[in-house]
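Enquirer: Dumping what Swiss-Prot says about this protein:
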- Ser104, Gly105, Gly106, Leu107, Glu125, His130, Glu155, Asp170: S-adenosyl-L-methionine binding site (BINDING)
Amino acid sequence: MAWPGPLLLKDRKGRAYLVFPKEGGVFHHHKGSVPHEALLEAGPGGVVRTHLGEELSVHRPTLEEYLLHMKRSATPTYPKDASAMVTLLDLAPGMRVLEAGTGSGGLTLFLARAVGEKGLVESYEARPHHLAQAERNVRAFWQVENVRFHLGKLEEAELEEAAYDGVALDLMEPWKVLEKAALALKPDRFLVAYLPNITQVLELVRAAEAHPFRLERVLEVGWREWEVRLPVAHPRFQQVGHTAFLVALRRWKAS
């Protein structure tokens, strides 16, 4: 029996569960259990029932769903921010992108899918346990071999000059890597940083003035979901609040 990658199960209340099917495995729900073989037989888009009769729908997880439910060793980059970073970086298939601060690998997956099988993501993480978890997360969801993981700090890495089409940073002190990023980034391409607080934003923008970078924009990404139960519609009571600021810098040719 060929075992697929991760599957997402949803119960009648919309609660989601990420499952990695394996031979002899069993999924346990508070309203019963179901063997992994049954999930494979139902397949994505199908339905299974636990031994107590609870109905569960079976799905292939989207990238957003996978990021929200995968195991995490660090605070995740939310899907709304990761997709915005890909847009700000202006990535396309075949490009080469540099990432620092791999974390749990969520942003890495967005970058890898954006550059495609002919592109390349070079991801640096200084903490071994974060890097190990990130590599497991990425390999479980994304079978395309277009990500290289590196243990270490970006500022200490040996990089080719003007070899990258984009730089994505999720670091507490991204200003420390600006010199290295400027060396590696192609002219007229973008560096995008993910920063939780505005003090970090100000520090980064101030530091960028000493390097061949120009500030393009600073933004927050909103995400407002609605509850629609005919004939009633209203915003959901639980909303995603502030997650981070995104800072986009454009690399200029050094004068």
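Each residue, glycine too, has its Cβ placed from N, Cα and C.
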Enquirer: Among the binding-site residues Ser104, Gly105, Gly106, Leu107, His130, point out the residue whose Cβ has the most other Cβ atoms within 10 Å, with all shown protein chains included in the count.
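Expert: Counting every other Cβ within 10 Å of each candidate, the maximum falls on Gly105.
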Enquirer: A 10 Å Cβ contact count, applied to the binding-site residues Glu125, Glu155, Asp170: which residue has the minimum?
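Expert: Sparsest of the binding-site residues Glu125, Glu155, Asp170 by Cβ contacts within 10 Å: Glu155.
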Enquirer: How far apart, in Å, are the two Cα atoms that lie farthest from each other among Ser104, Gly105, Gly106, Leu107, Glu125, His130, Glu155, Asp170, the residues recorded as binding S-adenosyl-L-methionine?
Expert: 22
Enquirer: In terms of DSSP three-state secondary structure, what is the assignment for Asp170 (S-adenosyl-L-methionine binding site)?
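Expert: Going by the DSSP assignment, Asp170 (S-adenosyl-L-methionine binding site) belongs to neither helix nor strand, so it counts as coil.
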Enquirer: DSSP secondary structure for Ser104 (S-adenosyl-L-methionine binding site), reduced to helix/strand/coil, please.
Expert: coil
Enquirer: According to DSSP, which kind of secondary structure is Glu125 (S-adenosyl-L-methionine binding site) found in, if we only use helix, strand and coil?
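Expert: It is in a strand.
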